[in-house]
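Annotated domain 'CP-type G' per TrEMBL: 64-220, in sequence order. Per TrEMBL, the feature domain 'EngC GTPase' maps to 73-218. What TrEMBL records for Thr113, Lys114, Tyr115, Asp116, Gly163, Pro164, Ser165, Gly166, Ala167, Gly168, Lys169, Ser170, Ser171 is GTP binding site. What TrEMBL records for Cys244, Cys249, His251, Cys257 is Zn(2+) binding site.
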Amino acid sequence: MLLKGTLLKGYSGFYYVYSEDRVWECSLRGRFRVKKQDFIPGDKVMILSDRGIKATIEEVLARENSLIRPNIANVDQALLVLAMSTPDTDFNLLDRLLVQVAHAGIEPVIVFTKYDLARESDLSPYEYYRTIGCRVFYVSNILAQGMEEVREIVRGRVSVLAGPSGAGKSSLLNSLEPSLKLKTGSVSDKLGRGKHTTRHVELLEAAKGLIADTPGFSSLYLPPMRKEQLQEYFPEFGPYRKECRFKDCLHVKEPGCALREAVQGGEMTGLRYEHYRQFLEEVKAAENKY
Ligand SMILES: Nc1nc2c(ncn2[C@@H]2O[C@H](COP(=O)(O)OP(=O)(O)OP(=O)(O)O)[C@@H](O)[C@H]2O)c(=O)[nH]1
Ligand SMILES: [Mg+2]
Ligand SMILES: [Zn+2]
């Protein structure tokens, strides 16, 4: 019997594939082993089973999309999970994640965790992301607040959680699906950093969908792209870009740059623009390597 399934995880030489509402423990055909073909969670595979729960992977289908960090394929959406406090919200990482996800053609959803610890009475840096077209949710995993909204968006879809260590990705999954009992780790007081508790990418059945728990990270390279392309991932630049004197304006030093004027005049947030400038330098440096 040949079945189509989704690879949940690879572990100790076995591959766990979700198909027909159950999990199959699969080994590889010799030709895959020889080629050392790379499988990543989310890969669509054809499996051959006789009876029981064991099967072999016969074929891997082409990927519709993929991310390198976290390493996953064929997701419907990426939940970018960042704490509002402990650790402090890393907006630079959030903007990087938004570029990476958009570049991969994957829809972002922002989930701010630890709402119960949020000190800020001013939510505007968080709410800002709504104004640029993102969906934004606030949750407390400890108080189980905001779960209904998250349930709604993950139902029937394949989602990946991405964000720093200690942000509460595994905790979020536990809140959605308590039977998972995933390991969570404390955040060190001194450094405000997580402890890298989750070590592998794994798709899990949760809240009537498939959701990948992933290891947290604090640094992220931008995907390779042309320097002109970066601004496409900052949707709020759109209206100003049209007004720049030069068509190929990169909004750094060019005279008559409407975008820079808007930032200087306080019309547009400076933080995202700063991140754009920083990312642009990184994109240029990477471009020059080839
Ligand atoms: N107060 C509060 N604490 C939370 C919340 N969510 C998670 N935590 C705590 O934050 C710490 C880190 O949570 P984890 O779920 O392990 O974080 P993670 O994102 O999975 O981290 P890695 O696996 O290291 O990438 C734990 O001590 C959790 O109890 C929340 O909404 N509110
Ligand atoms: Mg974790
Ligand atoms: Zn410009």
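Glycine too: its Cβ is placed from the backbone N, Cα and C atoms.
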Quick check: of the binding-site residues listed here (Tyr115, Gly163, Ser165, Lys169, Ser171), which one has the Cα closest to that of Cys244 (Zn(2+) binding site)?
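For Cys244 (Zn(2+) binding site), the closest Cα among Tyr115, Gly163, Ser165, Lys169, Ser171 is found at Gly163.
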For ligand 3, pick out the binding-site residues Tyr115, Gly163, Lys169, Ser171, His251 that have a CB under 6 angstroms away from one of its atoms.
His251
Going through the binding-site residues Ser171, Cys249, His251, Cys257 in sequence order, which have a CB under 6 Å from an atom of ligand 1?
Ser171
For the recorded Zn(2+) site, whose residues are Cys244, Cys249, His251, Cys257, find every other residue on that chain with a C-beta no more than 8 angstroms from the centre of their C-beta atoms, and list them by sequence position.
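Residues close to the Zn(2+) site, other than Cys244, Cys249, His251, Cys257: Tyr240, Arg241, Arg245, Phe246, Leu250, Val252, Glu254, Gly256, Ala258, Leu259, Arg260.
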Which one is closest to Cys249 (Zn(2+) binding site) in space, judged by CA to CA distance, out of the binding-site residues Thr113, Gly163, Ser171?
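In terms of Cα distance, Cys249 (Zn(2+) binding site) lies closest to Gly163.
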About how far apart, in whole Å, are the alpha carbons (Cα) of Cys257 (Zn(2+) binding site) and Gly163 (GTP binding site)?
34
Let's check the environment of Ala167 (GTP binding site): how many other CB atoms sit within 10 Å of its CB?
28
With respect to ligand 2, which members of the binding-site residues Gly163, Ser165, Lys169, Ser171, Cys249, His251 satisfy a Cβ distance under 6 angstroms to one of its atoms?
Lys169
Of Thr113, Ser165, Ser171, which of the binding-site residues has the most Cβ neighbours inside 10 Å?
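Within the set of binding-site residues, the most crowded position is Thr113.
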Pull the DSSP breakdown for the domain 'EngC GTPase' (73-218) and write it out as helix, strand, coil residue counts.
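In the domain 'EngC GTPase' (73-218), the DSSP-based counts are 43 helix, 36 strand, 67 coil.
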Quick one: average pLDDT across the domain 'EngC GTPase' (73-218), no decimals.
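Result for the domain 'EngC GTPase' (73-218): average pLDDT 95.
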By a simple count, how many Cβ atoms lie within 10 Å of the Cβ of Gly163 (GTP binding site), its own Cβ left out?
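Within a 10 Å radius of the Cβ of Gly163 (GTP binding site) lie 28 other Cβ atoms.
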